[in-house]
Number of protein chains: 2
Amino acid sequence: MNWWTIDETHDPARKSWVESADGHRDFPVQNLAFGVFSMAETPGTRIGVAIGDRILDLGALAAARLIPLNLTEICSDASMARLLAIPAQDRRALRHALSDLLCDEARRPVIEPMLHPVEACMLHLPTRIGDYTDFYVGIHHANNIGRQFRPDNPLLPNYKHVPIGYHGRASSIRPSGVPVVRPTGQRKPPEADAPIFAPTARLDYELEMGVWIGSGNDLGEPVPITDAAQHIAGFCLLNDWSARDVQGWEYQPLGPFLSKNFHSTISPWVVTPEALAPFRAAQPPRPEGDPQPLPYLSDADDQAHGALGVMLQVHLTTQAMRKAGLPPHRLSHGPATNMYWTVNQMVAHHASNGCNLTPGDLLGTGTISAPEREGFGSLMELSQGGKSPLTLASGETRTFLEDGDEISITATAAADGFVSIGFGECRARILPAR
Amino acid sequence: MNWWTIDETHDPARKSWVESADGHRDFPVQNLAFGVFSMAETPGTRIGVAIGDRILDLGALAAARLIPLNLTEICSDASMARLLAIPAQDRRALRHALSDLLCDEARRPVIEPMLHPVEACMLHLPTRIGDYTDFYVGIHHANNIGRQFRPDNPLLPNYKHVPIGYHGRASSIRPSGVPVVRPTGQRKPPEADAPIFAPTARLDYELEMGVWIGSGNDLGEPVPITDAAQHIAGFCLLNDWSARDVQGWEYQPLGPFLSKNFHSTISPWVVTPEALAPFRAAQPPRPEGDPQPLPYLSDADDQAHGALGVMLQVHLTTQAMRKAGLPPHRLSHGPATNMYWTVNQMVAHHASNGCNLTPGDLLGTGTISAPEREGFGSLMELSQGGKSPLTLASGETRTFLEDGDEISITATAAADGFVSIGFGECRARILPAR
């Protein structure tokens, strides 16, 4: 069994007796993503499994002793702190049990009362996030942004050798739906002699994927690239909101700080490595002349299966569009294979100095962009640093986000011969500055 | 009552019946620092109070109902997560109760059994650290380091306007005494065409102070500078170990990452704002021509009392020195007033964009250095980037740290008419790379 092994749970012929799961964009029975939810009528939070437009209460299932017995206690927790850390083989056993229960019509009378309509549930963060690290593996983003600052030299010399990353703020990560207050910050308008302290005028989104760390490593003990996948518990979508004017003024020499840490939004569902197994792809070969990764980042299996066959898209809905009943405007769409480094390389690099990853850490990929405009992953790229306003379907224009704007990120993992799956939504609306 | 108010607990005439407290370098009864400790013979961790060479078991005191009743439960916790977050008035009440109990000879028979020799205890982190942010407020460090990279322009244009900071790694912070494994990392020797992956050859320490966040703020709600002190629960010493060669190769454009996150060491005792009240000092006036802080960072009280009258020092002991029985070699000493921004300004800036600070967050000041060599806060400065080896008292030389070297940071808060207090020790030894 490998992290890319396909088994009967991926069989496209499998259908759940939960009718809404059949053909569901995100949550057919081939997905079985985990999340933490609450309901108005009962206290506390519980772990649930997404199935169609329903959430299956994992705690109730555990209480009924319908899952592998060694996981009963962990599945009854109020958060996924412990569930994230279980070994892949246990997660796989749980997946098989869930798949069987949700496909076997005979189980329906027992299981159906444990299902809740997703509209009646509130989704929370899967766990308290330990440390949050954001990488920069979207090479086209690095190129597009770098070109604005260093036209002759967009990519710095280290980029193709080091999976560049930095530490972000864990406390301000929120699940989809929580509004974002426009941050106030220090910034220096180009024409001004001195900085001002004012609401950001260049509020942007960044299209990313998130990686949940499952089992950790001890401080001082690196994770070999061949073991990296064993430390990954799942994936989500991530919007790394950014105040570009604050960023431009503050980021030297230690990197982005207040321009990024006021809020980050994630999709609340943890899509497991097992669910994504059919959508694993070979890492695209490096362009001629690029250096090969150093040995601690090299693994043939990772090269053969480490990329993610996931198509990402971003939609914008403005206040005026909502009022007029217009559909969201698609800002961009592009594949996650536009990553120069794989998630396994991110993990192995992060721990290569002995830094201890811990269960519930979150890694961001960094903005996933594309060489061509339709795949640009931020307004900074789409509007060329604010110089070229976009015209929306509503006739409005945008360089950066305005109050009332709502950004939604969605994604689909698809492969020939398999039922495609999604991640749920990563969505939030901008509130005016306080 | 203000955060700089002096009261009878600071009276130099106060003496504890714990004999070792009288004249103790760090922990006379005027200090009363909190820590989390364990003992071999009993399970679990408990909160303790440092008094001379003893630790007073706060849980035992709470069980005996000898502290303010509203704090009984919190003081019985296994960590300081909740104790850090109590309001200053409650912390002050607890301080008064502890001071009275430890000074009143009549209480000795009851309290003495709750004291443990510090040698018999293990000290732990006060709590699980939420987010760790490292600032860069040591202007002389910024100058000294900046000069090595940009001789004509050592300080970047934002430095005197923005309290520069960045997010660090919380999971790899360890209390004093835990050895540091020399990290391996990617670095590019100046003469090489390509980077190598090898143990760091430029392992350094950084002399810093740490600030524990007590009560937090809600996401989206800034902390006014006038309220900043209310969010600070205490202070410690911090060594931000750094791999300079890794740092030089990886840090652009997003800042230091693996060069810093392999290990940070803190002194385990939380020295409260109340204990430090007598040692508050006016923030040194900004040099002629420097910009004044923007209004969100300006507060007359903070200017009058926001600096810390603390003298810091760093000692190095090599393996050879230990074998020969030589005393530690003092590398540097200098005052914490060499900070360009106060800790209140750090807090207000951090939350100015609505970023939510949470109880148990740790802020580092960044390296506190001095204009003159005797106060340089890192080997990078002392050895001029490795160009000028130091000669130690043992006759050995150092540019950067070697395996077996041990760095110890200590500090003394002193002011005329008051009993000086300390922070305990922030110490760790270098182990060879794995």
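Heads up, the Cβ atoms here are built off N, Cα and C, so glycines get one too.
TrEMBL annotations: computationally assigned, not manually curated.
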Exercise. Among A:Asp100, A:Asp104, A:Asp131, A:Asp134, which is the one TrEMBL gives for the Ca(2+) site where A:Glu206, A:Glu208, A:Asp240 also bind?
Worked result: A:Asp134
Exercise. Which candidate from A:Tyr132, A:Tyr136 does TrEMBL annotate alongside A:Arg150, A:Gln247, A:Tyr251, A:Thr367 at the substrate binding site?
Worked result: A:Tyr136
Problem set entry | C-beta crowding around A:Lys260 (Mg(2+) binding site), within 10 angstroms | 28
Problem set entry | Listed recorded positions (A:Tyr136, A:His141, A:Glu208, A:Ser264) that sit near chain B [CB under 8 A] | A:Tyr136
Exercise. When neighbour density is defined as the number of other C-beta atoms within 10 angstroms of a residue's C-beta, which of the recorded positions A:His141, A:Arg150 has the lowest density?
Worked result: A:Arg150
Exercise. Going by C-alpha positions, which of the recorded positions (A:His141, A:Asp240, A:Lys260) is nearest A:Gln247 (substrate binding site)?
Worked result: A:Lys260
For this session: According to DSSP, folded down to helix, strand and coil, what is A:His141 (active site, proton acceptor)?
Result: helix
Exercise. Can you tell which of the recorded positions A:Asp134, A:His141, A:Lys260 lies nearest to A:Tyr251 (substrate binding site) in space, using Cα positions?
Worked result: A:Lys260
Exercise. What mean pLDDT does the predicted model reach across the domain 'Fumarylacetoacetase N-terminal' (A:30-126)?
Worked result: 97
Exercise. Which site among A:Asp134, A:Glu208, A:Asp240 has the most other CB atoms no more than 10 Å from its CB, taking these as binding-site residues?
Worked result: A:Glu208
For this session: Please find which two of A:Tyr136, A:Arg150, A:Gln247, A:Tyr251, A:Thr367 have the most distant C-alpha atoms, given that the record lists them as binding substrate, and give only that distance in angstrom, rounded to a whole number.
Result: 19
